[in-house]
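Below is one structure, written out as structure tokens; the observations come after it.
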Amino acid sequence: MTNIRKTHPLAKIINNSFIDLPTPSNISAWWNFGSLLGICLILQILTGLFLAMHYTSDTTTAFSSITHICRDVNYGWIIRYMHANGASMFFICLYMHVGRGLYYGSYTFTETWNIGIILLFTIMATAFMGYVLPWGQMSFWGATVITNLLSAIPYIGTDLVQWIWGGFSVDKATLTRFFAFHFILPFVVSALAAVHLLFLHETGSNNPSGIPSNSDKIPFHPYYTIKDILGALLLILTLMLLVLFSPDLLGDPDNYTPANPLSTPPHIKPEWYFLFAYAILRSIPNKLGGVLALALSILILAIIPLLHTSKQRGMMFRPISQCLFWLLVADLLTLTWIGGQPVEHPYITIGQLASILYFTILLVLMPITSIIENNILKW
């Protein structure tokens, strides 16, 4: 009798994706982040579901419903903080995952890469709308500032913003629709993640050497299931340390003040994981220019496969490109720091230089360096 996991229509899909999947024998811990993102997504959907049972999406009661969750609901505080800090862990894993893709040339799987970019945008939209829901000062003003950026679009901008708001300012209609979208988008993300995996399994995984590994594949289970469990335990340990010891470390104190349209906070800033893009937005004095730079800071990932000029896939054997990659990482950390600083000297100049460097590395320096490295190989 054939094994049921290989014949049953549903079990067969799971078997071919997580059990008998032929996997390169040399993939490192950098390949753990895909499964960690899956765990983050499941965790966010579950905690979010329980929060939605007690949350009310009305401007008069939203803030107090969060207070009610934290004070009166059994273990409501831990669910709330797991959800808030779970988002931070989600983005840490996301950026690591994208960084791995850039470093090891995984972007040459263009379908998988492009679905990944769509996933990134969808998750960013979900996180932004989730941040608006507690209806604190930073929620309200963050929503006002970011949605207002769309008014920079010529001709239709103002109408578009008012259409999104459902009125002439961020109000009850905005909060209600943001809650609706915040609830539905994680399921869209789940579907996109399945498509992401579907495309990946068409080609098989990349590996650190960048060399085809068809001659040396091992089954996913038990080797990588054990490895993924280790990664998951470390992820949950980090998350719980954050939740139980300093749950507000990554949040903004202003969000503990109920939203007040008549009082603007001194420094409006998004959550830490959007600060790099926010810094790029602020570094351009023109509104439309800033919005375009903001969009391009992520969209630039879509043209990375076109800019690949190297004869080698990954950066494992390309030391000059490695230096550039780590310069890019340092630059993104600098942008993240600048995004959280007030708009004054010297932060403005540092932000502008870091923004220029970000685009220069990706569009100019990396392709040129790859060509130089190709020529070095000939000597």
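Each Cβ is built from the backbone N, Cα and C atoms, and glycine gets one as well.
Going by Swiss-Prot, these are the annotated features:
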{"type": "TRANSMEM", "residues": "33-53", "note": "transmembrane segment"}
{"type": "TRANSMEM", "residues": "77-98", "note": "transmembrane segment"}
{"type": "BINDING", "residues": "HIS83, HIS182", "note": "heme b b562 binding site"}
{"type": "BINDING", "residues": "HIS97, HIS196", "note": "heme b b566 binding site"}
{"type": "TRANSMEM", "residues": "113-133", "note": "transmembrane segment"}
{"type": "TRANSMEM", "residues": "178-198", "note": "transmembrane segment"}
{"type": "BINDING", "residues": "HIS201", "note": "ubiquinone binding site"}
{"type": "TRANSMEM", "residues": "226-246", "note": "transmembrane segment"}
{"type": "TRANSMEM", "residues": "288-308", "note": "transmembrane segment"}
{"type": "TRANSMEM", "residues": "320-340", "note": "transmembrane segment"}
{"type": "TRANSMEM", "residues": "347-367", "note": "transmembrane segment"}
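Swiss-Prot feature annotations superimposed on the structure.
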residue: HIS83; record: heme b b562 binding site; DSSP (3 states): helix
residue: HIS97; record: heme b b566 binding site; DSSP (3 states): helix
residue: HIS182; record: heme b b562 binding site; DSSP (3 states): helix
residue: HIS196; record: heme b b566 binding site; DSSP (3 states): helix
residue: HIS201; record: ubiquinone binding site; DSSP (3 states): helix
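Comparing C-alpha positions, the residue listed as 'ubiquinone binding site' sits nearest to HIS97 among the binding-site residues HIS83, HIS97, HIS182.
Cα-Cα distance from HIS83 (heme b b562 binding site) to HIS97 (heme b b566 binding site): 20 Å (rounded to the nearest whole number). Long-range Cβ contacts of the transmembrane segment (33-53) within its own chain (Cβ-Cβ under 8 Å, at least 6 residues beyond either end) map to 69, 79-80, 82-83, 86-87, 89-90, 93-94, 96-97, 100, 130, 182-183, 186-187, 189-190, 193, 228, 231-232, 235-236, 239.
A straight line from the CA of HIS97 (heme b b566 binding site) to the CA of HIS182 (heme b b562 binding site) spans 23 Å. Below 8 angstroms of C-beta separation, residues 29, 32-33, 35-36, 39-40, 43, 78, 81-82, 85-86, 88-89, 93 of the same chain, each at least six residues beyond the ends of the transmembrane segment (226-246), sit close to that stretch.
The Cβ of HIS196 (heme b b566 binding site) has THR112, ILE115, GLY116, LEU119 as same-chain neighbours under 8 Å, each 6 or more residues away in sequence. Least crowded of the binding-site residues (HIS83, HIS182, HIS201), judged by neighbouring Cβ atoms within 10 Å of its own Cβ: HIS201.
Below 8 angstroms of C-beta separation, residues 30, 33-34, 36-37, 40-41, 43-44, 47-48, 50-51, 66, 69-71, 116, 120, 123, 127, 130, 235, 238-239, 242-244, 247, 250-251, 271-273, 301 of the same chain, each at least six residues beyond the ends of the transmembrane segment (77-98), sit close to that stretch. Cβ-based neighbour count (10 Å, all protein chains) for HIS97 (heme b b566 binding site) stands at 20.
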